[in-house]
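Let me begin by presenting the structure, written as structure tokens, before commenting on it.
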Amino acid sequence: MTTSSLKKIGVYTSGGDAPGMNPAIRAAVRTALSQKVEVVGILNGYVGMIENRMITLQMRDMANIIQRGGTILKTGRSAEFMKPEYRATAANNLKAQGIDGLICIGGDGSFRGAQLLGAEHKIPIIGIPGTIDNDVYGTDDTIGFDTAVNTALQAIDKIRDTADSHDRIFIVEVMGRNSGWIASHVGLAGGAEEILTAENIISVDKIVENLKNSRARGKTSSIIITAEGQKPGRAYDLSDAIRKKSGLDAKVCILGHQQRGGTPSAHDRILASRLANAAVEALLAGRNNTMIGVQADKLVEIPLDLVTSKEKPGDKTLIHLARLLSI
Ligand code: F6P
């Protein structure tokens, strides 16, 4: 029997889905149930919390989900949850279900909602970083990032084959509205010549100059990686600009939402299992308003107000290394 005063906890996934959310749900549910704490799954994140869509989760409900992409609890982005009256409705629903603690699996936007809910309605909440973007402050890694990088990389390797066969330039757009982590990792791993992110803006003149120099050195094909901007399609603008400046034809490939799907990598399953187990242990031990993250492969607890108030900068060293090695 647990010594925790919590009798029933709620688990939800929120924001963009990420491969590894299912192993995280599995680990959270099984950790809680093994301590005789009941678990309720809240469907579609804050949308389901407001609309009272919740299901009881048992041990066997977690069977055969460890390898599945997406999230069995479904997810959502809720603008309504940013309004206090909707949070009050959600809190009433949680209380009516007897839920006295929450595990939130999501990114920093989801944690902002969690913090407000926790502060206004005195519900203990622990966060688990789950987003392909890897842009959550306080943790080296987020659930789904590794899988997304590998999914994008597989596509880039295939693009490289056709780029090489036709002596072509390709601009490959990867996900990351506000984050260049996927771009910098797949750029280095995929042998890209240029990597464009919000933190690494390169002028079209410079890109054209670099492309021409590459050709002069004997390179016959080139891969440019760009992170998407606020909406997908930045790669088309860049391709048009390159054509106008230089006459060079750069083909575009937008990888899009395939990066969010697929079976989670071993790395993401292990990360998800460790984080979710520690999150439930922390909640049951009476801790609140923190995120379980990983730093230098050790699990850490970071206050949610720090997580949501700070930016995690991208790693520009990878971008510089990619450029150096693509010579
Ligand atoms: O979940 C993160 C993310 O995939 C970003 O990389 C991307 O910019 C955004 O979500 C897309 O969101 P949506 O699927 O809501 O269009």
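A Cβ is built for glycine as well, from the same backbone N, Cα and C atoms used for every other residue.
Among the candidates Arg60, Arg160, Arg260, the one that TrEMBL lists alongside Arg26, Ala27, Ala28, Val29, Arg30, Gly191, Ala192, Glu193, Arg217, Lys219, Thr220, Ser221 as binding ADP is Arg160. TrEMBL lists Arg77, Ser78, Gly107, Asp108, Gly109, Ser110 as ATP-binding residues, and of the candidates Gly10, Gly16, Gly176 the one it assigns to that same site is Gly16. Note: Arg177 (substrate binding site) has non-local neighbours Asp133, Glu228, Gly229, Gln230, i.e. same-chain residues 6+ apart with C-beta under 8 A of its own C-beta. Ligand 1 lies under 6 Å from the Cβ of the following binding-site residues, listed in sequence order from Gly16, Ser78, Gly109, Glu193, Gln258: Gly16. For the ATP site, whose annotated binding residues are Gly16, Arg77, Ser78, Gly107, Asp108, Gly109, Ser110, the maximal Cα to Cα separation is 14 Å.
Nearest by CA distance to Ser78 (ATP binding site), out of the binding-site residues Ala28, Thr131, Gly191, Glu193, Arg260, is Thr131.
A Cα-Cα distance of 29 Å separates Gln258 (substrate binding site) from Arg30 (ADP binding site).
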